[in-house]
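K.L.:
Quick one: structure below, then a few questions.
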Amino acid sequence: MVEGFEAVRPVAERTPRDEPPRSSADADRGGLTVDQLSETQLIARFAPHLRAHEPGGGSRYEILGPGDDCAVVAAPDGRFVISTDTQVQGQDFQLTWPNGVVSTGFDTGHKCATQNLADVAAMGAVPSSLVVSLTLPGRTSVRWVEDFARGLRAGAIACGAVHCGIVGGDLGRGGEISATATVTGDLEGRAPIRRNGARPGDLVALAGTVGRSAAGLDLLQDPSTKGTVEPHLVELMDNQLRPVSPTPLGAQLAEAGATAMIDVSDGLVRDLTRVAEASDVVVDLDPAALDDLARPLAAAGERLGRDPLYWVLHGGEDHGLLSTVPAGTRLPHGARPLGSVRAVPPGWGATVVVTTGTARESVADRVRVGTTPVRELPAELRGRGWDHFEPEDGV
């Protein structure tokens, strides 16, 4: 296991320090709600949980933390990478899923940290600071808000971002829960790893995993899984609720000579296509490597009537790191070979798919399973990954 990176554990193995008991965002009878406190009182209950259990004395980048109009964060080599991501209730998470599982504040905070930290890691940087803006309905339980803060800190630690300080943010009121985080990262003197550097002959490598979060999402959305206690299925739901990105491996892959990198947020095929298009190459995925990733999902596939390879190819939100490295590179522990890069064939042209009257770029031609383009796979294995703005009937 990579130092500083804790693999996702089943719910049954988590300790009380890891995760508080599940509770709804809406306060139980007699419970304190957001609209019963002032902003100052709410911050006083929220902020201390962001600093709890910081390993190694906390952030080495934080110069001035919460308490003033701005935080002050060091940028040791004069640059920093920066990214932001948002979760919105009803769009990115459900407070109560169709199978009855409740999304806790801990879950939402944990996922908020992971999805932002993964973007920094994908640039080959080390996370250095994070700020968060949280919008809350007045009826929201104060306990849910406190748990969000605990989850945010726990997510950073689980991802191995042990020197990333949570240095500030904002609390506001609105009609639904929305959490937006902005994260910075230290390149430590290295060049950023972009999406456009993959070269013919490179090896494709995956750090972390794919498919598990998507399988968990389908389990959460299926009412027939209500009350499920099988550990392997509970663990997959856990992967959706609280994904973990192997953040330290981003910098390690950069040191190993990565030529391109991206985090898997929208699906293996979709995200790898982004690299292939930016680099003007074609990627051939190794069928045997894909089967290895699909095998642990077989029981969930049987339960839901889904080929588990679909989740591997098109499922998002595992936040693993896809990279390309020169052939012969010794991969860091925790990364595995997944395929290879080759040049675009002579005379090869881009394909446009026309759906619901709108021409859209195909995500299927740049990435192949073996030598088969994704769009030529059996119907049950075709997909487009995740797109916030794509029509639901898209191909």
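Cβ from N, Cα, C; glycine included.
What TrEMBL says about a protein is an automatic prediction, not a curated fact.
The following feature annotations were taken from TrEMBL:
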- ASP69, ASP119, ASP263: Mg(2+) 3 binding site (BINDING)
- ASP69, SER83, ASP119: Mg(2+) 4 binding site (BINDING)
- THR84, ASP85, ASP170: Mg(2+) 1 binding site (BINDING)
- ASP85, ASP119: Mg(2+) 2 binding site (BINDING)
- ASP92, GLU317, TRP386: substrate binding site (BINDING)
- GLY169, ASP170, ARG195, SER265: ATP binding site (BINDING)
- ASP266: Mg(2+) 5 binding site (BINDING)
- 11-29: compositional bias 'Basic and acidic residues' (COMPBIAS)
- 67-185: domain 'PurM-like N-terminal' (DOMAIN)
- 1-33: region 'Disordered' (REGION)
K.L.:
Using a 10 Å cut-off on CB atoms, tell me which of the binding-site residues ASP92, ASP170, ASP263, ASP266 is the least crowded.
P.N.:
ASP170
K.L.:
Between the binding-site residues ASP69, ASP119, GLY169, SER265, where is the Cβ count within 10 Å the lowest?
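P.N.:
ASP69, out of the binding-site residues ASP69, ASP119, GLY169, SER265, has the fewest neighbouring Cβ atoms within 10 Å.
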K.L.:
By DSSP, what is the split of the domain 'PurM-like N-terminal' (67-185) into helix, strand and coil residues?
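P.N.:
Reading the DSSP string over the domain 'PurM-like N-terminal' (67-185) gives 35 helix, 45 strand, 39 coil.
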K.L.:
Taking the binding-site residues one at a time (SER83, THR84), which has its Cβ surrounded by the most other Cβ atoms within 10 Å?
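P.N.:
Per the Cβ count, the most surrounded site is SER83.
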K.L.:
Pop the Cα-Cα gap between ASP263 (Mg(2+) 3 binding site) and ARG195 (ATP binding site) into the table, whole Å please.
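P.N.:
The Cα atom of ARG195 (ATP binding site) is 10 Å away from the Cα atom of ASP263 (Mg(2+) 3 binding site).
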K.L.:
So of ASP85, GLU317, which of the binding-site residues has the fewest other Cβ atoms within 10 Å around its own Cβ?
P.N.:
ASP85
K.L.:
Rank aside, I only need the closest one: which of the binding-site residues ASP69, ASP119, ASP263, ASP266 has its C-alpha nearest to that of ASP170 (Mg(2+) 1 binding site)?
P.N.:
ASP69
